[in-house]
Amino acid sequence: MAKLTIEDLSLSGKKVVMRVDFNVPLKDGVITDDNRIVQALPTIKYALEKGAVVILLSHLGRPKGEPNPDFSLRPVADYLEKALPGNVFFGEDCVGEAAESAIAQAKSGDVVLLENVRFHAGETKNDPELSQKFAALGDVFVNDAFGSSHRAHCSVAGITEHLQPAAAGYLLQKEIQFLSDSVNSPERPFVAVLGGAKVSDKIGVIRNLLPKVNTIIIGGGMAYTFMKAKGLPIGKSLLEADKVDLAKQLISEAEAQGVKLMLPVDSVVSKEFSNEAEFKTVAEDGIEDDWMALDIGAETTKLYSDEVRAAKTVIWNGPMGVFEMSNFNKGTFALAQAMADATAGGAVTIIGGGDSASAIKKAGLADKVSHVSTGGGASLEYLEGKDLPGISSLTDKG
Ligand SMILES: Nc1ncnc2c1ncn2[C@@H]1O[C@H](COP(=O)(O)OP(=O)(O)O)[C@@H](O)[C@H]1O
Ligand SMILES: O=C(OP(=O)(O)O)[C@H](O)COP(=O)(O)O
Ligand SMILES: [Mg+2]
């Protein structure tokens, strides 16, 4: 990496402002998957061993620029207290007096976790004033938030304009190393699988993936904007209405470029977004008005799994259905098994994304694929060949 890494910094007695991605899934205030925290621990521990005070910044979910207890990082502070040797202090705000007084209590070898950076509207706007406040919290900056590195936000990128040196942590380095090694000259067939719920964020990625891949498989919430574009009924399924035209274009661009674009031929539908409601499987033209599609159907699952098993390189981001509910987890878990089978057969398989990583862990197959990335959107944008602001803004080496 042509950027400074944490080992290039002198850390003894320093306050290290470290951006991490602790955007972990929570249910009733309990962390349901700790992967993103576990993956950041080596960098945190390294800085602590070198005698630094580590000041952690993260977002959690998408609160709309104001404090919201449902998106508090407090559960993560409780987790860190058990996982780390020194003291862990929690700051009720990421800037201002609450942050400063938490930091004032910390000594070498202690950690301060500050509250969700997205409680401030400036964060996602990369507001220079907020960036400056983050920079003032410490002496050096480390980015280890691979999963957020595609965001040009204050705590990821803007801060580096006011705080140097800015260096990469171990997780960031590991992720980039793996992705660049495996996809720069992929063995073919190269299959990309896209699902999940961040449709408007991720649909644009497809255009840049078309020249690189042989097949694009679309499932999860992403699928229904495409089905709408094909004139199929989608009932109350997830829809990004202003992306329907783009979906139409992508369908014809895929055809023109000889890329196989696969969409569900059947779906599991329900009347409510709930595991308690009635559900059934219907064909692609069978989603009625009052129903919503929450998983791919069995026939689709077989077609997708066969395609994945025949691939030599697979990158998958975004669950095939609402795997958090047992009625709608079959497609995701079956595809996870297909990834494991492909890996056993010699394919390079990468699954990325906070929720996708949690899904493959839940399926018990996390150690049966080549790489589980902590970033979904970030790994996709990296594969597209885009500059990630969280990396390009770090201090150049030499
Ligand atoms: N058909 C669907 N309708 C609504 N939500 C869905 C559907 N399929 C999957 N999801 C949801 O997508 C979410 C994950 O999306 P996303 O954040 O884009 O993926 P990742 O974190 O893996 O990058 C999951 O919480 C899952 O419940
Ligand atoms: O969970 C994340 O991305 P992912 O769902 O694509 O894996 C990251 O924490 C980024 O979150 P954001 O998409 O709200 O900026
Ligand atoms: Mg997610």
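Along the chain as shown, the residues are counted starting at 1.
The backbone N, Cα and C atoms fix where each Cβ goes, glycine too.
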> Looking at TrEMBL, GLU324, GLY353, GLY354, ASP355, SER356 are annotated for ATP. Which of LYS202, LYS212, LYS228 sits in that same site?
Replying inline: LYS202
>> Considering each pair of residues in ARG36, ARG118, ARG151, all listed as binding (2R)-3-phosphoglycerate, report the largest CA to CA distance in Å, no decimals.
In response: 18
> ASP21 (substrate binding site): which of the binding-site residues ARG36, LYS202, GLU324, GLY353, ASP355 have a C-alpha within 10 angstroms of it?
Replying inline: ARG36
>> Rank aside, I only need the closest one: which of the binding-site residues ASN23, GLY61, ARG118, ARG151 has its C-alpha nearest to that of GLY353 (ATP binding site)?
In response: ASN23
> Checking the binding-site residues ASP21, ASN23, ARG36, GLY61, ARG118, ARG151: which ones have Cβ within under 6 Å of ligand 1?
Replying inline: none
>> Name them in sequence order: residues not among ASP21, PHE22, ASN23, ARG36, HIS59, LEU60, GLY61, ARG62, ARG118, ARG151 whose Cβ is within 8 Å of the mean position of the Cβ atoms defining the substrate site.
In response: SER58, ASN116, GLY147, SER148
> Record lists LYS202, GLU324, GLY353, GLY354, ASP355, SER356 as binding ATP; longest Cα-Cα distance in Å?
Replying inline: 21
